[in-house]
C-alpha cells in the first residue's frame, strides 16, 4: 500500500514537473530554465521576490475575501449604519513595519547580485569580445584573436566571457534569456557585461530595445562549445582564406558575382566590413538570424531582403536598385555562400 | 433645474457655441469626458490591432512599419489623450464641488487647458492621414526617434508639446483652486481623499511636466533645426533623453494613479457606509508616494549601463514606494471591515481593483529589484506589469468614477445590470490578456515585437492574450450601449442617490451653473454625512443669499489653441520648404493676438442677482 502511494506521489511530482517545465517555454530561450551564471543569479532574486510577494498577496486576499463574505450587505439591513471607525494606531504601525522588513529581505540579495553581475575584476584575464549592434544584426569581433564574425557568437563553456558592447546606429539591447539578463547597446558609451554558459548548447539571443522595423527579427545565437572545440574554432577562423576557390563551377561563378555585387559591404575573411562578415556563412544556424538555413530561403533573401526583414541595410544595396542580380545569379551566389564552411566546429558541435 | 430646461430648448448651434466658449468647470468636465472617451476608443482599437497581429506566430495582419506606429500611438494615446483627460474630467466635475467652490480659480485657463489638450491630441493623430504616425515608441528613445524618417515623430513632439502645456495649465489651476477656494471650515485635513489626491497629482504635474517640455524642445530642435542634443556623432548624448523622459514619465504614473486611489477611497467609503479608515495615514501615504515618485525615475533604465551603485540606489528607493502603497491597500480593506458593503457597479470596479492592483504592485517590487529586472526589462513581463498598474489601477478607477459620478454630472444613474456585465467582461478579459504575459516575458518574448517566431513556446500564451483583449473590447461596447440607453430611458435622480458623504452630493444633480447658492459650512470630514447623521437634510449655509459673481464665456481659449495648432504644422513642414514658415507666423499671430486681446480687454464677468436666486428657490 505504502509503495503504491509512493509511486503515485513520484508520478504526480514527475508529471507536475513536466507540466511546469513545458510551461516554462522553449529550452535555451526561456529565462525560467537558466543555463548560465547571470540567468541563474537573476532567477534567484526573482524567486525570492516571488515568494515574499506571494505571502503578501495571500494575506491581502485572505482579509479581502473574509471582509466580503462577512460584511456584505444582508437583506433587510440596507439602512444599517456601521460604526464609524477612524483608524487604529497599532494596526497601522504593523502594516507599515512588516512591509519594511519584507523589503529588506528582498533588497539585500538584490543589491548583492547587482554588484556581482557588474563585477569586472576578471575582465583583463578573460576572453573579451567586442559586440556591435546594428539595424538589424550583430557583429562580433574577437580583438585579441583577430577574428571577425557575425550572428553566431562562439564561446567556450564554463568561462566568463566579457562582452564590450557599442551600437553603430540606434540603441539595441543584448539579451540571451537562458544565459543572462540584458544590457543595452548604446551608441554613446561602451557597456560591458559578462556571460558564462554552464552547458554546451545553442542559446537564442534577442534584441530587447526597440530599434525600428525589424526589431523583432534581430535574433542571434550563442554557440557554447567545449574549450578544445572553441580553440579549434579560433584557429580555423584565423586561417580563413578569403581567396579559396570553391570546388563546383557554379560556386566559382557565384564567388565572382559575390565579389561584384556584395563585397563592397560584406566580407569573407578577417577584414572589417559595413555589413555582416560571412566567413563561416555555411556553418550558420540561420540566415539573417531568423530564416531557415537553406538555399531556397537564401535565394529569396538575396532577391527580396525587404520582404523577410523590413527596413534592413541590404535594401540600399546597388544590385537591388539596378536589378543586376538575376534569380540564376542569386542561386550561384547562394551556392557559393553555403559552401563557406570555415570550421569543423559548427552549432552542431554544441552538444 | 431651470438651466436644464433652458438647455433642452436650445438649438444645436447654440449648444455647440456654448461648449466652445464655456468656462464652467462642469461643462469642461463633459468636454474632457467626451474627448478622453473618444481617444480611449481610438487607443483601444489600436490595442486590438496589435493583439490581432500577435494572435499567431509570424502573422502578417499589419506591416512592421504600421505595427510600430500602432504601438507608439496606442501608448501615447492611452496615457496622454485618454487617461490624463479622463482624470481631468473627474477632477473638473468633482473637485470644485467637493471643496464647496463655485468654480475653479481660473475658469478661463481651465478652458484653455482643455482646448490645448484637444488640439495637441488631434495633432498627434494627424500623422495617420499625412503618411505615417509616430513610430519610435511612446517613450521616443533617441536616436531612433531623432532619425525616424517622415513627419510622424514631429507630430508626436509638437502634439505633446501643445497638449502638455494644456495639462500644465490644468495642474496649476487645480493647485490654486484647492489652496484658495475651499468653503468655510474645509481645512486641509477635512478634504475628501479625491481632492487630496487631485491636489498632490497637480503638484506632480507642476514639477514633472517641465522635464517633458524641455526634452521635447531639445528633440524638436534635433529633428527640425539640425541640432545634436541627442546625437552622439555631434557630441550629444542619447541617454539624456531617457533621463528627461523618465523624470517626467515616472511621476506621470502617479499623476494618473493617485487620483485613481482617490476615486476608490470615495467609492469604498460610500458603499461600505463607513468613514475612510486611517484618513490621515491615507493623506500621508498620498503625499509620500508623490514625493518618492520623483526619486525613482532611473528604475526604467537599469539596463542602460548606469553601474551597480546607481542601480542599487534606485532599486531600493523604488521598493520604498511599496510601503505607502501597502498602507493604502490595508486602509481600504479596513474601511470595508465592519462595514455594510453594498455591491453595485462602482463598488464592483473598486473591489476588482484591490486584487488586480495588488498584483501590479507585487510585480512592481519585482521589477524594482535591479538584478532581477535585467531579465524583466523590455520584455512582456514589463508590459504585463504596467498594464496591471495602469489598467487595473487607473482604467478601473475611471470606469468606477464614470458609474459613480454619472448621476451627479448628468442626473441619471447608469444601468446597474449593464454596468455589471461591462465589469465582468472587462475584468475577465483583462486578466486573460495580461496575466499570461508575465510568463511570456520570462519565456523570452521582448516587448514591441511585431512578429514572434515559430517554435519558441510562445504561441498558446499569445493566443490567450488576444482572446482576452477582445473580451475587454466587448465590455467597452456594453458600456457605450449603457450610456446611450441611460441617456434615452434613464430616470432622473435626486441630489444624493448613493447616500454619500461628501459635498458634491449636497447640491442638485446636475448642479446649477453656480454650484452652491450659499457656500456651505463644513464641520468635519465627510461634511454631508455629518449633517445627515444629525438629522439635517442638507448643508448649513455659511453665508446669507447674496449676489454671485460669475465669469463670462470666452471663445479666446479655442482661438489660441487653434493658433498653436496651425503654427505646429508650420514648424514641421518648414524642414522641407521654408515657405511653410508663413504658417508659423500666421499661427503664432493668431495665438499671440488672442492673448493680447485677453490682456487689454477688461472682462469683469457678471453677477447673478440675489433677487433672481430667491425667485428661483421659490419656483
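Backbone N, Cα and C atoms are what each Cβ position is placed from, and that goes for glycine too.
In TrEMBL, the feature transmembrane segment is placed on B:240-264, out of the ranges B:240-264, B:490-514. Contact between the transmembrane segment (B:240-264) and the transmembrane segment (B:382-406) is supported by 3 or more Cβ pairs under 8 Å, counting only residues 6 or more apart in sequence. Residues 51, 344-345, 348-349, 352, 356, 363, 379-381, 383-385, 387-388, 391-392, 399, 403, 458, 461-462, 464-476, 478-479, 481-482, 485 of the same chain lie 6+ residues outside the transmembrane segment (B:418-440) yet bring a C-beta within less than 8 angstroms of a C-beta in it.
Sequence-distant neighbours of the transmembrane segment (B:155-181) (same chain, 6+ residues past either end, Cβ-Cβ under 8 Å): 72, 76, 80-81, 84, 88, 91, 95-96, 99, 101, 104-106, 109-110, 112-127, 133-134, 136, 140, 145, 191, 195, 198-199, 201-206, 209-210, 212-213, 216-217, 219-220, 223, 561, 564-565, 568, 571-572.
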